[in-house]
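Worksheet: one structure, shown below.
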Amino acid sequence: MFKFNEDEENLKCSFCGKDQDQVKKLVAGSGVYICNECIELCSEIVEEELAQSEPEGLTELPTPKEIMDKLNDYVIGQEKAKKSLAVAVYNHYKRVQQLGPNEDEVELQKSNVALIGPTGSGKTLLAQTLAKTLNVPFAIADATSLTEAGYVGDDVENILLRLIQAADFDIDKAEKGIIYVDEIDKIARKSENTSITRDVSGEGVQQALLKILEGTTASVPPQGGRKHPNQELIQIDTTNILFVLGGAFDGIDEVIKRRLGEKVIGFSSSEASKYDEDAILEQIRPEDLQSYGLIPEFIGRVPIVANLETLDVDALKNILTQPKNALVKQYTKMLELDDVTLEFTDEALSAISNKAIKRKTGARGLRSIIEEALIDIMYDVPSSDGVVKVVITAETINDEKEPELYDKDGNLVNKEQTSA
C-alpha cells in the first residue's frame with residue numbers, strides 16, 4: 001500500500017467519502033482507498049474488540065504478601081487468619097494455573113479453607129475481599145438452608161448456581177471462582193454416635209457437600225430448585241473452585257478443653273481452663289471438629305483451618321476508622337454531600353464498640369448502632385439552613401444526649417431551632 005501523489009484528482013476515501021484534499025493522507029489498496037482518519041477509527045475499534053475478547057478474571061497471580069496487603073485495606077486485625085488465608089489462596093490458584101501435563105506426576109490437591117470465629121469477626125468480609133482482589137466470581141451460601149436430596153430445601157447444587165450467576169453464566173469463569181458457605185457449624189451431626197439416624201440438616205448435608213468440595217462435574221438446574229426429568233442442566237467442574245467455609249462453632253472451646261485436659265501430659269482440666277477463649281481456639285485440631293459433629297470425610301476435604309479472634313474495643317474502633325470502606329468515612333462522606341461536617345469523638349467510638357460487644361454482634365453490628373444515632377440528624381439536616389457541623393459524643397451513642405450541632409460561626413445550635 002502507498003500514498004498517492006498530491007496531484008492525483010478525484011481520489012476519495014472508500015469508507016467515509018472524503019476527498020484527498022480533506023484529509024492528511026490517503027492510502028490505496030487494490031482499487032480502494034482509505035484515509036488516515038478512518039485508519040485511526042478502525043484501529044480504535046480493533047483495540048476495543050481485542051480488549052473485550054481478553055479473558056476476564058485472574059490474569060497475574062498476586063503473591064501471598066500482596067494478597068495480605070489487600071486484605072489489610074479492608075480487614076482490621078486477624079493477622080494469623082489473613083496470613084493463613086493468603087498462603088492457602090496463593091497455593092490454590094498457583095495449582096490452578098499449573099494444571100496440565102505433569103511430568104513429575106505430582107498431583108496437587110485442593111486447599112479448601114475453614115474460618116472459625118464468632119459472629120462479626122470478619123469471616124465473610126475476608127472471603128469477599130479475596131474474590132475482589134483476585135477478580136474472580138464470588139458467591140455466598142448459607143449452610144442452614146441446605147438439605148440432603150429428597151427433603152424440602154436447597155440442593156447443594158444451588159450453591160453452584162449462585163456462582164454461575166455471579167459469573168454471568170460464563171462457566172469457565174465460574175469454575176475458577178470462590179464460594180463462601182456460612183454457618184457450616186450448623187450442619188454438624190447432633191451426636192458423635194454414628195449409628196443415630198441422619199438428620200436432614202446435619203450429616204446428610206455434609207455427605208452431599210463432599211463431592212463438590214473435592215472436585216466433581218455437577219449438574220445444575222439453570223433456574224434453581226430441584227432437578228426434573230427432561231430438564232436441561234448446566235455442567236460445571238468444581239475441581240478448581242475454592243470453597244471457604246465459615247462458622248462460629250459455639251461451644252467448641254469446651255471440646256478443646258476436654259482434649260487438653262485428658263490427652264496432654266502435664267495438663268489437668270483446671271489448667272486447661274486457664275486459657276482464654278482465643279488461646280484455646282488456637283489449639284484446635286481436626287479431632288475437635290470431629291467431636292463437634294463434622295464427619296471425618298468432610299474434615300479431610302478442608303485441610304486448612306484458620307481461627308479468627310474475638311474483636312475487642314480497640315479492634316472495633318480501628319474497624320470504624322481505618323479501612324477504605326470504614327463506616328466513619330462513609331457517614332462523613334454522606335453528610336459532606338449536604339455540606340455538613342461530621343465528627344465522632346474518641347469516646348463515641350469507644351461507646352459504639354462497647355455496645356457492639358454487649359450485643360455480641362461484633363463488627364457486623366457497628367452500622368446499625370451508628371444508624372440509630374444518626375437517623376434523626378440525617379432526616380433533619382438536609383432541610384436545615386444553619387447547621388454546618390455535627391459532633392457525635394458518647395452520650396449520643398448511649399441515648400443520653402442529642403448530637404451537638406454547630407453553625408458556621410462555631411456556635412452550638414439547638415436542634416429544634418434548626419428543623420424546617
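Quick reminder: no glycine exception, Cβ is built from N, Cα and C everywhere.
As written in Swiss-Prot, here are the features:
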- 1-54: domain 'ClpX-type ZB' (DOMAIN)
- C13, C16, C35, C38: Zn(2+) binding site (BINDING)
- P118, T119, G120, S121, G122, K123, T124, L125: ATP binding site (BINDING)
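Taking the features listed in Swiss-Prot, we show where each one sits on the structure.
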residue	record	DSSP class
C13	Zn(2+) binding site	coil
C35	Zn(2+) binding site	strand
T119	ATP binding site	coil
L125	ATP binding site	helix
Closest of P118, S121, G122 to C13 (Zn(2+) binding site), Cα positions, binding-site residues only: G122
What Cα-Cα separation, expressed in whole Å, is found between K123 (ATP binding site) and C16 (Zn(2+) binding site)? 58
In all the protein chains shown, the tally of other Cβ atoms within 10 Å of the Cβ of T124 (ATP binding site) is 16
Which entry in the list of binding-site residues, C13, C16, C38, L125, has its Cβ near the fewest other Cβ atoms, using 10 Å as the limit? C16
Least crowded of the binding-site residues T119, S121, counting other Cβ atoms within 10 Å of each Cβ, is T119
Rounding to whole Å, the Cα atoms of S121 (ATP binding site) and C35 (Zn(2+) binding site) are apart by 62
A correct count of other C-beta atoms within 10 Å of the C-beta of G122 (ATP binding site) gives 29
